[in-house]
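Q: Once you've had a glance at the structure underneath, I'll fire off some questions.
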Amino acid sequence: MNRKDYDSRILSSKKIVIKIGSARLSGSEEEVNDFLFNLVSDIRHLKDQGKEVIIVSSGAIARGRKLLASLSNFKQAGESLPEKQALAAVGQNRLVNLYDSFFSKVNIPIAQILFGVVDLETGEGFKNLKNTFGQLLQWGILPIVNENDSVATEEVKFGDNDVLSAIVSLIVEADLLIILTGVEGFLKDGKTVPFLSEVGDPELSQAGGPSGPGTGGMYTKLKAASILNEAGIPCGIIDGNSKNCVRRFLETNTLGTLVFSNGKEKSFSEEEIKAILRSKRNGGQE
Ligand code: GLU
C-alpha cells in the first residue's frame, strides 16, 4: 500500500490530537514565539475548516525550571521527583498562560485538562473525562492536556506525554494524532522512514531515547503510534520546527513518518484503554 493512498484519509480527519513536547517550549523566547505563532495559525486554519483540535502539551517542568533560573536568589532545581513535581506546579499555569496569550489573538478559547492514571481507574473518572472533552469540543473550546504531574507519583505516572497523547486519542476517538518532535521523523540509517504500516521490534530497537528536556524520545513516539495502529488511528511523527508543519502534513502528507495500518478499525472499550494503562505501569522502557 502506497503512502499516497492515505492522503485523503489524513486530509479529511475531523478530530485531531496534536502532541507538543517540552523541547518546542523551552528554547529561546524567539524560538518559542515562532513555534507558537506557526502552530496557532495552523490550528486557526483547521478550525475554520470545521475540524476539532485537542493539544497534549508537555513543558510544565521545563517552563518551571526556566522561571526559577531567572530568579536571582534561587538555587538551580535538581532532578528529584519532589523537585520535578514542584517545578510542574510552578510551570503549568505559565505554560497555559503562554498558550492563552497566542490563542486569544486568533479568538480560540482554550481549557486546561490535567489528569493521571489513577483518575481513569474508576468508571466515574473515565466517564467524566470523556464528557468534559465532548462538552469542550461542542463549545468550540480547545482542550490543552497534560499529566497532573504534581499529584502523580512515580509508579503511576504516564511517564511521557507521547503515550498520554495516544490515550487521549483513544478516549476522544480521534481521527489522527500528530506528534511534533525535534527530528524529521523516525530515522533509519540516517534517513526518514516516510511510512510504517506497523511498529515492531526492529523499529523499536532502532529508536533512541530523549535528546532534549522531554522524557520520551523516538521509542515512546513509536509506542504511542503502535497503540493507535491497533485502533486504526493514523499517527504522524513530524518535525515541529518546520514552518506550518501541521497544515503541511495534513495537506501534502509529505512530512515525517506516518504510522498507519488500514483495515484495523477497532474501537477500544473503556476496559481495553485501562488495560493499556495498567501495562504501562507494569514495566517496559516507558
Ligand atoms: N508532563 C511533563 C511536563 O509537562 C512532561 C512529560 C514528558 O516529557 O513527556 O513537563
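Every residue gets a Cβ built from N, Cα and C, even glycine.
So TrEMBL lists the following for this protein:
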- Lys19, Thr215, Gly216, Gly217, Met218, Tyr219, Thr220, Lys221: ATP binding site (BINDING)
- Ser58, Asp149, Asn161: substrate binding site (BINDING)
- 14-239: domain 'Aspartate/glutamate/uridylate kinase' (DOMAIN)
Q: Max Cα-Cα distance in Å among Ser58, Asp149, Asn161, the residues listed as binding substrate?
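A: Max span of the substrate binding residues, Cα based, is 11 Å.
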Q: Using a Cβ cut-off of under 6 Å to any atom of ligand 1, determine which of the binding-site residues Ser58, Asp149, Asn161, Met218 qualify.
A: Ser58, Asp149, Asn161
Q: Tell me the Cβ neighbour count for Asn161 (substrate binding site), meaning other Cβ atoms within 10 Å of its Cβ, over all protein chains shown.
A: 29
Q: Nearest of the binding-site residues to Lys221 (ATP binding site) by CA-CA distance, picking from Ser58, Asp149, Asn161?
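A: Ranked by Cα distance from Lys221 (ATP binding site), first place goes to Asn161.
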Q: Could you tell me the C-alpha distance between Met218 (ATP binding site) and Asp149 (substrate binding site) in angstrom, no decimals?
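A: The Cα atom of Met218 (ATP binding site) is 22 Å away from the Cα atom of Asp149 (substrate binding site).
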Q: Given Tyr219 (ATP binding site) and Asn161 (substrate binding site), what distance in Å do their CA atoms have, once rounded to a whole number?
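A: That comes out at 12 Å between the alpha carbons.
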Q: Translate the DSSP assignment of Ser58 (substrate binding site) into the three-state scheme.
A: coil
